[in-house]
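As structure tokens, the structure follows; a few thoughts come after it.
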Amino acid sequence: MGKEKSHINVVVIGHVDSGKSTTTGHLIYKCGGIDKRTIEKFEKEAAELGKGSFKYAWVLDKLKAERERGITIDIALWKFETPKYQVTVIDAPGHRDFIKNMITGTSQADCAILIIAGGVGEFEAGISKDGQTREHALLAFTLGVRQLIVAVNKMDSVKWDESRFQEIVKETSNFIKKVGYNPKTVPFVPISGWNGDNMIEATTNAPWYKGWEKETKAGVVKGKTLLEAIDAIEQPSRPTDKPLRLPLQDVYKIGGIGTVPVGRVETGVIKPGMVVTFAPAGVTTEVKSVEMHHEQLEQGVPGDNVGFNVKNVSVKEIRRGNVCGDAKNDPPKGCASFNATVIVLNHPGQISAGYSPVLDCHTAHIACRFDELLEKNDRRSGKKLEDHPKFLKSGDAALVKFVPSKPMCVEAFSEYPPLGRFAVRDMRQTVAVGVIKSVDKTEKAAKVTKAAQKAAKK
């Protein structure tokens, strides 16, 4: 095996019928983590049900069905490899909680793959005014996913017609430009997810197709297939050099060991012997040990899901939604209020000051009040349209002051991205998304454990 390949996360977006499942299924199937036995089992079932030609989507449907029934599928199934990367597919949308997942996301996507159906009439439906495609693309951009690949699918259904492909590239370029992407940095790849054309091997059906190209800081990059486009994603920098931020997913009490908080390192590193602070709880203590998958670690780095043992802290003092950080290096704090840019996605009425829905930010799930609507902005340029609007409706973007109903720890998106984006949930759906601009932090009278005092003297 040699050196481990770098990990990247991609999110696959597009209209319901664009062929996302088939395309993703195909990649996972051909380059991926599904073992042969499982594939053979699925193929046999598919054939028995007369769904043989459907096998890629069928593979994905099986995985989805198992996931929806609450059987957690080995996440390896959602992985595939390119020459350079190990790629994890973050939740394919269509899933009801997709937007929430993408924001509170267990992982931030490094790149979005937008699948567009090339079929006659289909393309137009996917990109129409109310299209999901627009919402997903806007969301990806708003949440800081800056790299995009466009795959024009179902090219077989238009007989690999060059003029159709060019027309779609032109329309889609305009569309993504409005969202905020620069089309020159985006590869446009014609594919057939169904037949597997131009996914992994270059297609022979389109003599006119010379390949895709995109501009990067390092110059122009070229390729032919979708796999090559994924392999050409620019390596994201992982924020190990920032101060530690680790939102807690759970806190366990383990006999003979004590209190063990669990969560994903978002920025910085966590090591045994470190003195950490939990916010907004205001508890400071020493980390005794750090482990992942039942193995002791010398340090946990961004992306690692770790459990760590802390001294002199009871399970009652810290909880899910708290954030752990280095007590000596920009420790996390609670907040009295924060200002955020909010985009209203779908709210049936009007939102005015006083509205108090639940915000999902990292692992915290807390009701927050829209305290003041400060200004209404143009969604694309961010330019101010009016001061102190009376209300907001679907499609509006605004700067809003929020006041949490309970102590909460959040950060500015510019400093700690994973702790600076949130979903606004109401009526069992995501009504808005937000990006935090500034935070009014509070100092809480802190509890410093004996272990922390001892460690500080060392």
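Note: Cβ is positioned from N, Cα and C throughout, glycine not excepted.
As written in Swiss-Prot, here are the features:
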| type | residues | note |
| --- | --- | --- |
| CROSSLNK | Lys224 | ubiquitin cross-link |
| CROSSLNK | Lys242 | ubiquitin cross-link |
| CROSSLNK | Lys253 | ubiquitin cross-link |
| CROSSLNK | Lys271 | ubiquitin cross-link |
| CROSSLNK | Lys393 | ubiquitin cross-link |
| CROSSLNK | Lys437 | ubiquitin cross-link |
| DOMAIN | 5-240 | domain 'tr-type G' |
| MOD_RES | Gly2 | N,N,N-trimethylglycine |
| MOD_RES | Ser18 | phosphoserine |
| MOD_RES | Lys30 | N6-methyllysine |
| MOD_RES | Thr72 | phosphothreonine |
| MOD_RES | Lys79 | N6,N6,N6-trimethyllysine |
| MOD_RES | Thr82 | phosphothreonine |
| MOD_RES | Ser163 | phosphoserine |
| MOD_RES | Ser289 | phosphoserine |
| MOD_RES | Lys316 | N6,N6-dimethyllysine |
| MOD_RES | Lys390 | N6-methyllysine |
| MOD_RES | Ser414 | phosphoserine |
| MOD_RES | Thr430 | phosphothreonine |
| REGION | 14-21 | region 'G1' |
| SITE | Glu298 | site 'Not modified' |
| SITE | Glu372 | site 'Not modified' |
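The distance from the Cα of Glu372 (site 'Not modified') to the Cα of Lys437 (ubiquitin cross-link) comes to 15 Å. The number of other CB atoms found within 10 A of the CB of Lys242 (ubiquitin cross-link), across every protein chain shown, is 17. Fewest other C-beta atoms within 10 Å: among the recorded sites Glu298, Glu372, that description fits Glu298. For Glu298 (site 'Not modified') paired with Ser163 (phosphoserine), the C-alpha to C-alpha distance reads 57 Å. The most densely surrounded of the recorded positions Lys79, Lys393 is Lys79 (count of other Cβ atoms within 10 A of its Cβ). DSSP gives Ser414 (phosphoserine) a coil state; it is part of no helix or strand. In the three-state DSSP assignment, the secondary structure recorded for Lys79 (N6,N6,N6-trimethyllysine) is strand. Scoring each of the modified residues (Thr82, Ser163, Ser289) by how many neighbouring Cβ atoms lie within 10 Å, the top position goes to Thr82. DSSP assigns Glu298 (site 'Not modified') to coil in the three-state reduction, placing it in neither a helix nor a strand.
Taken residue by residue with DSSP, Lys224 (ubiquitin cross-link) is part of neither helix nor strand, so it is coil.
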